[in-house]
Amino acid sequence: MPIPHSGDHEQGHIVSEAPQNRTCTDTSYFIAIVTCCLLVIPFCVALSMGSDINRFIYGYDRFGNTCGVKNKPIYGINCSGKDLTNRPIARLKYYPVNRCMLHSTKKLLPDVCVDRCIPPNKLIFHRCYPAGHVHLDDNSKLFKNMTEIFHAISESIITIVAMALAGLVLSLLMFVCLRWHHTTVIFWAMVIFQLIASATATSLLWLRYGTSETKQTLYLLAALGAMVYFFFIVLFVVVVHDAFPLITRLYDEAIAAIFRMPTIMVHLLTTLVAVVMSTSFMIFLLVLIFSNQCLQESDDPLTLEYTTTSSTFIFACYVIFVMLWVYAFAEGWQCMITAGSVGQYYLARDKSILQHPVRKSYHLLTRYHLGTVACGSLFVTALSFMRYLANYFVRKVFALTALHGQTFQKSSVQLTKLMILNWFHAVAITGFHYILKCGFSCLILLLTVGLGTWMHLENIYTYYTRVAILCGALIANVVACFVMQVLSVSVDTVFLCFCEEQAKDRSGDVHGTYLAPTPKNYKEPEELKEDRQDTN
């Protein structure tokens, strides 16, 4: 017979599975992710034998000499082994793909190493590009675009870091706003803000499309998208407004749980730091991989160039897959800790007897359910093209596993049944959270872009500045979404507990729930109200 967990509801209510009754779930998937991560090491060691990071950063000349360093002679290559310490810039040249055509497509080839790039030539990431506008082939165009991105990031790294930290701070302030202001007030503020923004965007885009001589399809599609989003918000509010009392109650319960257990945010920040470190390491590996190249003859008989082999591309794809899996695993890790902690808080009638719920949730995760996290994160990685839907499903599966200690498959079946029984409330909560999340994301985007623009007021506003600000805004939004996941997981956990209580109430196993099955007629019992006031 299962052993009830201390602090659970009284007899008949749903309970969180006790550690004594849990077993390791989906262990094979955890072994798989550990194996995939370990396999990266020997391959990287093998590829690093022929890698040269300096060549990736500074470029090389037509004889294969890396600019900015003292080179060793290359067997069989004349003019190799030069000391180019004082020449850290690689000058490039255009070479026609088809020499029989007057206006042939050009390709970029290395020329010589120089100490400075003389105008009107253009210096981009230690490469000196020839002046003039030419039509490049696909490979050369991709190479130039990548060097422009690296140049923009390297020139504005302080701005990008500041914008990412601003996104983190603003997302944490979101919790403070939801704590000290009623959720309904925040929601309606986000609704009004997004309605005004979408209506303004629709008008401006239609105007731009109407006045554009070329009638670009992009403006038309963007205007239609903004208009559809405007009507989606209006339709959503009209259709599901009856569910708002229940939704606000769920949010109040989730926010109370988060502030009652601030260690959740500490674990969040720790996980975020681990994600940044692992992502940086993976990016370094990709740079190391793509700097492993073979020196071969080019189309120009007087020029040699380094080319990337097919095996390098295959291994780069493997590293990207592992990187996405590790990121999804980190999200699942944080999701399980949050769901387990909030589940213990919700299921405890007497909140005062709760002792270290976050620590208990962390112990249960590391002891029993790392395999389930690996399984769910693999599912999300495999469906990266529809990541939002995959995350929506897997997040709730993790919450059920944290509550009941089941495998990914059993939790998925149970989740499907609960969602079918409570589909209207599930849709309402999803839309409610989507509007809140989009509103905060738009605000964070505007504020971080404003911060990046302000930091570049004294500089010339160039294309590279815009690229850097765009990168900083995207990173800030990724950080903010990672933080806001704590709120969405907490609300999902409380909602799933409510759904299970409703299911038991329908079957006659239990009478009454913590949350109202009929929000309009719900009146909170006095003892629960007193408990909640004491908790807050």
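Glycine too: its Cβ is placed from the backbone N, Cα and C atoms.
Note: TrEMBL annotation is automatic and uncurated.
Range with TrEMBL annotation transmembrane segment, chosen from 82-101, 302-321, is 302-321.
Range with TrEMBL annotation transmembrane segment, chosen from 322-344, 368-390, is 368-390. Proximity of distant same-chain residues to the transmembrane segment (302-321), defined by a Cβ-Cβ separation under 8 Å and at least 6 residues beyond the stretch ends, is recorded for 40, 43, 47, 55, 60, 62-64, 77, 95, 109-111, 282, 285-286, 289-290, 292-296, 381. Here the transmembrane segment (467-487) has long-range neighbours at 148-149, 152-153, 155-156, 159-160, 162-164, 166-168, 170-172, 174-175, 178, 254-255, 258, 264-265, 268, 272, 275, 331, 334-335, 338, 395, 433, 437, 440-441, 444-445, 448-449, 452-453, 456, meaning same-chain residues at least 6 beyond its ends whose C-beta is under 8 angstroms from one of its own. In this chain, the transmembrane segment (29-49) does not touch the transmembrane segment (185-207); fewer than three CB pairs sit within less than 8 A of each other, excluding pairs fewer than 6 residues apart. The transmembrane segment (29-49) shares more Cβ pairs under 8 Å with 264-290 than with any other stretch in the list 219-244, 264-290, 434-455.
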